[in-house]
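Written out below as structure tokens is the structure these notes cover.
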Amino acid sequence: PLSAGLDLPGRFLFAILTLMTLIANLVFIEEAVYIYRKIPSSKRSIIIWVNAAAPVIATTSCTGMWIPRSTMFTDFTAAVFFAIVIHKFLMMMIKDCGGQELFLKRFENGHFKISTGPCCCCCLCLPRVRITRRSLFWLKLGTLQFAFLRPVLMFLSIVLWTNGSYTLYNLSTKGAAIWISCVVGVLTIIALWPVAIMFQQVRTLLICKKIIPKFALYQFILILNHLQTSIINILATRRIIPCAPPLSSSARGAYMTQQLLIMEMFLITLISRVVYRRKYDDLEPPECKAEEAGDNKQTP
């Protein structure tokens, strides 16, 4: 068993990280019960999905830490789940504006600013796109494709791995890992772009709903789960992270990633409870705002 190969500090570390994972899940369950009781059914499932990102990643990391051979499956599970969360976060912003119809009515004369990250943050000359039902459909399709194609690619990777044709740390052009990773990277960038466009559009309107800290938490999970993991994997592949028998460089890199993610997702879960635990009152309809503006312009 794994615990037999650990010294006393190692067992203490594993116990602390497991306890943090358990607490993160208990906090999420308590928050889910609160959301189920206090929040309208139209927003309930989306908010629970977004809140579940950090506890799920912590749980998969803890499972991979205790059972090293399951690391590939746990990493893929976390990646697929977060791909769905990206789409849910976009839908959450639309729901906070009152739904698609009220969103289109509220911004009927507005334009999307598409010169934003991660695709076009340097292309300031790009024209603004008018907000219509069609442009909103393309934004939703941009995140939905990732929620659909990422599980398909992960399934393909597992099939190739069982056949011996897929090795995560084999980055040669003859291996399947480099090509699948490139496709996933392109799809990820395409999926993140609509979320950034929508955030730029609604961040002033939804400041009362704490959309800025919510977006910051979403960005932290994205960076830690993808960028941090990729950097550690590259360092392990290049042997910059030295091996420590019986652990190879790649195994030590996986352990470092899992332990860091557990601590980081634990903190994000606690912060998310503070940010999302609030009353979700609907915004004023656009007609009411127009009437109030007209009343204010009238002179006595």
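Cβ from N, Cα, C; glycine included.
Caution: TrEMBL annotation is automatic and unverified by curators.
Bear in mind that the values here come from a model prediction, so they are computed numbers and not experimental data.
Here's what TrEMBL has on this protein:
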TRANSMEM  12-34  transmembrane segment
TRANSMEM  46-67  transmembrane segment
TRANSMEM  73-90  transmembrane segment
TRANSMEM  137-161  transmembrane segment
TRANSMEM  176-195  transmembrane segment
TRANSMEM  215-236  transmembrane segment
TRANSMEM  256-276  transmembrane segment
Which listed stretch (12-34, 73-90, 176-195, 215-236, 256-276) has the most C-beta pairs under 8 A with the transmembrane segment (46-67)?
256-276
Contact set, same chain, for the transmembrane segment (73-90): CB under 8 Å, 6 or more residues outside the stretch
46, 49-50, 52-53, 56-57, 60-61, 63-64, 139-140, 143-144, 146-147, 150-151, 154, 157-158, 191-192, 194-195, 198, 218, 221-222, 225, 229
Taking pairs 6 or more apart in sequence, does the count of Cβ pairs under 8 Å between the transmembrane segment (256-276) and the transmembrane segment (12-34) hit 3 or more?
yes
For the transmembrane segment (137-161), give me same-chain residues lying six or more residues beyond its boundaries with a C-beta closer than 8 angstroms to one of its C-beta atoms, as numbers and ranges.
72-73, 76, 79-80, 83-84, 86-87, 90-91, 112, 167, 176-177, 180, 183-184, 187-188, 190-191, 193-195, 197-198
